[in-house]
Amino acid sequence: MLTTQFLLLGAVLFCIGVYGVLARKNAVMVLMSIELILNSVNINLLAFSVRHGSVDGNTFALYVIAIAAAEVGVGLAMVLLIYRNRRTIALDDLSEMKG
Amino acid sequence: MLAHEMTSEVVASTGWFLEHAWLIPVIPAIAFVLIIFFGKKMPMKGSELGVLSMLSSLVFSGGAAWQWIQRVNSVVDGAHEAVVEGAHHAAPYVQPVIHEWTWWQSGGFHFGIGHHIDGLALTLLVVVAFISSLVQIYSLEYLRGDRRYTHFFAALTLFSAGMLCMVLAPNMVQLILGWEIMGLCSFMLIGHWWEEEANSRAALKAFFTVRVGDMGLLIGTAILFFSANNWTQKNLGVSGFNISGLSAWAMSGEASQSALTWGAVALFIACIGKSGQFPLHTWLPDAMAGPTPVSSLLHSSTMVVAGVFLVARLYPIFWEGMKIGDTNINFIVLIGGITIVIAALLAFVQHDIKKVLAYSTVSQLGYMMMGLGAGAWLPAVFHIFTHAFFKACLFLSAGSVSHSGSHHSFDMKKDMGGLAKKMPITATTWIISTLALAGVFPLAGFFSKDEIIDNVGYGGYNAFMIVGLTGAFLTAAYMTRATYLTFFGEARGAAAGIHHDAHDAHDAHAAVDTHNSHDTHVVDSHDAHADHGPHESPKLITVPLMILAALALTAGLSNATPFGESWERFKKYVEPGSEYVMVGSETADEHGAADEHGAEVVEIAAASMSVASEEKVTKEGCAVVAPEAGMVCYFPTVSHAPFKWSKAALSLIIVALGLVSSWLFCVQYYTRRNKRLVGLTERNKVLRGGYTFLWNKYYLDELYEKVIVRSIAHPIAKAAYWVNQNILDGIVNGAGKVSRRLAGWVYRNIDQRVVDGAVNGSGAAARGTGGALRPVQSGKVNQYGALLFSAAAIGALILVIINT
């Protein structure tokens, strides 16, 4: 079925996103990976929406897009401030929270 | 069928003032709050609020009285037209205007607050509002510059509100509310100058003595409620607190006689306390410690007639409970008779002009009680009405004398005498009121007091008629003595312009001087005294006096029995009719659809009439034959003595004898200093004994304070002290020791080991786990992400495994 392919695409995107989040040191790249994860979820939602023939999934996807936009806004602002203070956005150097 | 036509016409009219009578006490109550909060900032220090509120209450009660007269006319005329052909007919019962709102409710038990307006309530409302207004106007001058001027007006206004609230109470609970407000305010007003110890003692005495009686009110109300509640709920749909419900229950013939008797006795004990009847009258003369306007208000129209009002209001209960119609001696008439004589005798030995008036009030209240006890309801209520005017006038005249004539002294023997020339207006009003009080023919007191004496005899209480006549003689005599000492003879003390700084220690009223002299205003007027001695009082004092004196002259004409039926307005408008009333006809009446029921009423009334012998109609109807099912009575059939000039002449002669003999005695004794009379009490053993006995007020105060209070309070105090020292202290000390030991053990074992161990242990545990979990918090975002996703992956795996 067509939906299976959509789900597969979603799974691949998710994995790429997770890899990006775990492996990247650049904070902007991490944020972009999170976007990938969110969009893979969106694809999943739409796939199931098509399969069950309802619009619930579409609605949820819209919400997720809005939230993702907000999240990126906040995240980029934080990255910008971190860069101003530290002159770097490498996540390895930001370990003040070490217990 | 005749009846069928006529009852449809008997639709009681009503009006705005009757429907809104609850405003009458509410206005002064609101004024009280305003005076308390804003009075001191007002231009006249709050007194204007008091006067205005009383005047508006007066207007409202006047309006209500006018509309009540219309209402009675509409009913009576309707009934009259209908029974033109029938013979006698019981006086029609005019439904009172009752409105009740639920005040308190719990389960099936509730009572309301509202108003119950009938002739009796309106008489009292008008009198109270009228006297209160005049007294407040008088106080503007009399208390000018007093240090608690604002509070005085606040208390006076609240006091009137309490009385008005009591008078129009539709149930016992509201009646008690008003009754207690008055008790509290009388305490505040009598103790107005509380810096003087005698005054605060008098206030306490008044409060506690009345309180002894108040127990009776609560007990009586409880007895009646529990015995009447079932009946009233079933038959009338009202609670056992409802006054008209209680009346109907008492007259129904189904009430238990012992409940009625004990309820009536308990309520009458409350009246003994409040209305200063023997043996609880002792507070009333001492209450003269308050400012004169207070004495005037409390002892003419409000506080002390509250007890009389209670008896008049719940008359069916007393009528049935005491068997007033059938006996020739009962509790009420006995107490009333004793009170008349003992109080009148005490008035002879007083030096203080206000105390003479106080005992006179007690004695007159005795008349009212005796009248009520003997079935003379109407004359007793009428005596409340007339007595209010002339007694208020007498008190205010006495105040005027002390204000302007005797330099704030009330001692007739030391500081008065010969004031008639100096204070002509005060003297005239005093003398008019004195004659009215004594019962001289055309004046107010004659019409009410003579009627009481006459009706007491007519009701079969012959012994008490003689008591009443004796009282009339004594009243005339002691009032003449007071008049002579104050206004005639030679001037003495302050009245002659002599100032003696040290007043007698027992003279509590001298306190007025010491308090007021702090205020510059009064100091001025004192200088004026010093300049030209006694003089007439200012207008604010004399105008109320003149108004009251005019009423003392004419008020009696409102129920002038000697002049025939058309003059008996009180009988027509105030006395409730004694006919049988159909249950529920009240509401039907208002819609003008009472035909069927009304017809029944009249048929039954007519049936009972045919049995009646022509002249003794009074022996039929309510109180004689119990009402049939579905019918209720609200008032017993009371008899009215036909007026005879021969009987009136007897009492007039007795009064004249009292006046003349007392006058002659006074001239001989006080002015001529007749050798045979002066010092008689020292020479003659019997007279000396009598004088000492009276001077000590029958030793009642000693009995109460030294015997009763000491025999009860002292052993209690001693026992309490012993218990305190030996038992309570022992317990307290023992408990202290035990608890100290226990505390030591607890500290060593529980606190140190268990509690501290737990606290320290939890701290250590937290530190250990913290250390163990430290590596997890690396501060690296990627690691956190890895943890998050691996946890999510594990969660997903578990979900998959579970679901498959």
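Note: Cβ is positioned from N, Cα and C throughout, glycine not excepted.
Look at TrEMBL and you will find B:103-153 tagged as domain 'NADH-Ubiquinone oxidoreductase (complex I) chain 5 N-terminal'.
Residues or ranges marked as domain 'NADH:quinone oxidoreductase/Mrp antiporter transmembrane' by TrEMBL: B:169-475.
Distant neighbours of the transmembrane segment (B:20-39): 45-46, 49-50, 52-54, 56-57, 60-61, 64, 97, 99, 114-115, 117, 125, 129, 132, 150-151, 153-154, 157-158, 160-162, 164-165, 168, 178; these residues of the same chain sit at least 6 beyond its ends, with a Cβ under 8 Å from one of its Cβ atoms. Annotation comment: TrEMBL describes B:20-39 (among others) as transmembrane segment.
The annotation transmembrane segment is assigned in TrEMBL to B:119-140 (among others).
Look at TrEMBL and you will find B:152-169 (among others) tagged as transmembrane segment. Residues 21-22, 24-26, 28-29, 31-32, 35-36, 39, 45-47, 49-50, 53-54, 57, 115-117, 121, 124-125, 128-129, 132, 135-136, 139, 143, 146, 175, 177-182, 184-186, 188-189, 192, 243, 291, 293-294, 297-298, 302-303, 306, 309 of the same chain lie 6+ residues outside the transmembrane segment (B:152-169) yet bring a C-beta within less than 8 angstroms of a C-beta in it.
Here TrEMBL flags B:175-194 (among others) as transmembrane segment.
Residues or ranges marked as transmembrane segment in TrEMBL: B:259-276 (among others). Sequence-distant neighbours of the transmembrane segment (B:259-276) (same chain, 6+ residues past either end, Cβ-Cβ under 8 Å): 179, 209-217, 219-221, 223-224, 227-228, 250, 283-284, 303-308, 310-311, 314, 317-318, 320-322, 331-332, 335, 339, 361-362, 365, 368-369.
TrEMBL lists B:297-317 (among others) with the feature transmembrane segment.
Residues or ranges marked as transmembrane segment in TrEMBL: B:329-349 (among others). Among residues of the same chain six or more beyond the transmembrane segment (B:329-349), those with a C-beta under 8 A of the stretch's C-beta atoms are 265, 268, 272, 276-278, 281, 285, 311, 318, 322-323, 355-356, 359-360, 362-363, 365-374, 456, 461, 463-464, 467-468, 470-471, 474-475, 477-478, 481-482, 691, 694-695, 697-698.
Non-local neighbours of the transmembrane segment (B:356-378) in the same chain are 271, 275-278, 281, 284-285, 287-288, 295, 299-300, 304-305, 307-308, 311-312, 315, 318-319, 322, 324-325, 330-341, 343-344, 346-347, 350, 384, 387, 391, 394-395, 398, 412, 437, 449, 451-452, 455-456, 458-461, 464, 467-468, 471, 474-475, 478-479, 481-482, 559, 570-571, 574-575, 638-640; each lies 6+ residues outside the stretch with a CB under 8 Å from one of its CB atoms. The annotation transmembrane segment is assigned in TrEMBL to B:356-378 (among others).
What TrEMBL records for B:425-447 (among others) is transmembrane segment. Panel annotation: around the transmembrane segment (B:425-447), residues 360, 364, 382, 386-387, 389-391, 393-394, 397-398, 400-401, 404-405, 419, 472, 475-476, 479-480, 482-483, 486-487, 536-537, 542, 545-546, 548-549, 551-557, 559-562, 648, 651-652, 655, 658-659 of the same chain, lying at least six beyond its termini, place a Cβ under 8 Å from a Cβ of the stretch.
TrEMBL lists B:540-560 (among others) with the feature transmembrane segment.
Marked as transmembrane segment by TrEMBL: B:648-667 (among others). Only residues 6 or more beyond the boundaries of the transmembrane segment (B:648-667), in the same chain, are considered here, and those with a CB under 8 A from a CB of the stretch are 438-441, 446, 449-450, 453-454, 469, 472-478, 480-481, 484-485, 488-489, 562, 677.
Same-chain residues lying 6+ beyond the ends of the transmembrane segment (B:784-802) with a Cβ under 8 Å from its Cβ atoms: 776, 778. What TrEMBL records for B:784-802 (among others) is transmembrane segment.
Ranked by Cβ pairs under 8 Å to the transmembrane segment (B:119-140), the stretches B:175-194, B:297-317, B:540-560 are led by B:297-317. Per DSSP, the secondary structure of the domain 'NADH-Ubiquinone oxidoreductase (complex I) chain 5 N-terminal' (B:103-153) breaks down as 29 helix, 13 strand, 9 coil. Same-chain residues lying 6 or more positions outside the transmembrane segment (B:540-560) and placing a CB less than 8 Å from one of its CB atoms are 134-135, 137-138, 140-142, 378, 382, 385-386, 389-390, 392-393, 396-397, 399-400, 403-404, 425-426, 428-429, 432-433, 436, 442-448, 451, 567-571. Within the chain carrying the transmembrane segment (B:297-317), a Cβ under 8 angstroms from the stretch's Cβ atoms is held by residues 120, 124, 127-128, 131-132, 135, 156, 159-160, 163, 166-167, 175, 179, 182, 186, 189-190, 213, 217, 224, 243, 246-248, 250-251, 260, 263-264, 267-268, 270-277, 284, 287, 290, 332, 357-358, 361, 365, 368-369, 372, 377, 380-381, 384, 387-389, 391-392, 395, 623, 633-636, all 6 or more beyond its ends.
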